[in-house]
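Just below is one structure, and these are the notes that go with it.
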Amino acid sequence: MADAKAPVQPKGATGVLVLADGSVIWGHGFGAEGVALGEVCFNTAMTGYQEVMSDPSYAGQIITFTFPHIGNVGANDDDIESPNPHALGCVVREPVTPAANFRSQRRFDDWMKKWGRIGISGVDTRALTKRIRTGGAPNGVIAHNKAGQFNIKQLLSQARGWPGLEGMDLASVISATQNYGWDDGLWTLQGGYGSHSGNPNGPHVVAIDYGMKHNILRNLVAAGARVTVVPATATFDEIMALKPAGIFLSNGPGDPAATGVHAVPTIQKILNAGLPLFGICLGHQLLGLAVGAKTLKMTQGHRGANHPVKRLSDGRVEITSMNHGFAVDTDTLPPTARPTHISLFDGTLAGLELTDRPAFSVQYHPEASPGPQDSQYLFQKFVSALEPVA
Ligand SMILES: NC(=O)CC[C@H](N)C(=O)O
């Protein structure tokens, strides 16, 4: 079956994507040479490829960008959500061109190479996206070899041997290993991140790092909080020793149920202590698990920068940034967890709040980066309700 779908290698092909179903998709390699193995998903954002690539929630994934011109504004040291890319690689339509933007410091393909990330261009990304849309996100291998030498049989067996994201606790692997303070604010053209500083007298937010995007921390600072980041393995006692006014649960990669095995008992203790809590994406899923709901794997997931979400309290529609392949199953919510937002694409749960605790969470990304800022108010809502330092 595998070989039936394998077209003959076109002349000059230096990159290939091999899917577990035996499909072989040829292209031109860029960035680092090598082989990477993961889940092949797609993202529909038209801008922000560097933020997407460096979002730690993409660990274990290969991203198909539906926007055809990726790389055209180059790469810089500011537009990143963590120090290095976490997505394993990317699949794009057009070849990466020289950078055309005054903020660019290097070409996108050079940035990918610097961080050991593999890209392939010249792929019919529309066809690939349609197939992920109907058949779900497949496991696959992306490979780049300048000499065009590929062992397709071996790549296929690697793709087939990969167990998939379900059951994978990737958050513990990429989380910070020690506490650190954060005081960068939001980026401005005049001052970058440098002209801002944290509010030392603001309410103390302890942010648990399951694979944190930096723009979440910048937004917490901009909302007036003093922020300390702790590893995913921090115990309840270690967290309480920091005297938090509120707890933040971050986004992150992998299967929430697998990460929940370690994270949920700590989150339950935090809830029982009555501490205000806010969660985003993986943090939202972990809050759901902590109150007894279940998470499920979505077929194609939601990844893009224009996903409409309805706020149930007043019917307002927020255009949101999204990146998730799992979701909290609304039907499994206990009576004490109330849906606050739903996806207008497919009705899946996009936000919840507890009725008996000061805790709420959203499945989408109010920090954007990339994406719209309709939901930035949530940071203000969380921080302004916290007790300032005595
Ligand atoms: N951005 C995130 O936090 C993603 C959460 C989780 N890994 C998912 O895919 O659903």
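Quick reminder: no glycine exception, Cβ is built from N, Cα and C everywhere.
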Of the candidates SER23, SER54, SER57, the one that TrEMBL places in the L-glutamine site of GLY252, GLY254, LEU282, GLN285, ASN323, GLY325, PHE326: SER57
Other CB atoms, at most 10 A from the CB of GLY254 (L-glutamine binding site): 26
Neighbouring C-beta atoms (10 Å sphere around the C-beta of PHE326 (L-glutamine binding site)): 20
Maximal Cα-Cα distance (Å) across residues annotated as binding L-glutamine, namely SER57, GLY252, GLY254, LEU282, GLN285, ASN323, GLY325, PHE326: 13
Predicted model, mean pLDDT over the region 'CPSase' (1-203): 94
Rounded Cα-Cα span from CYS281 (active site, nucleophile) to GLY254 (L-glutamine binding site), Å: 11
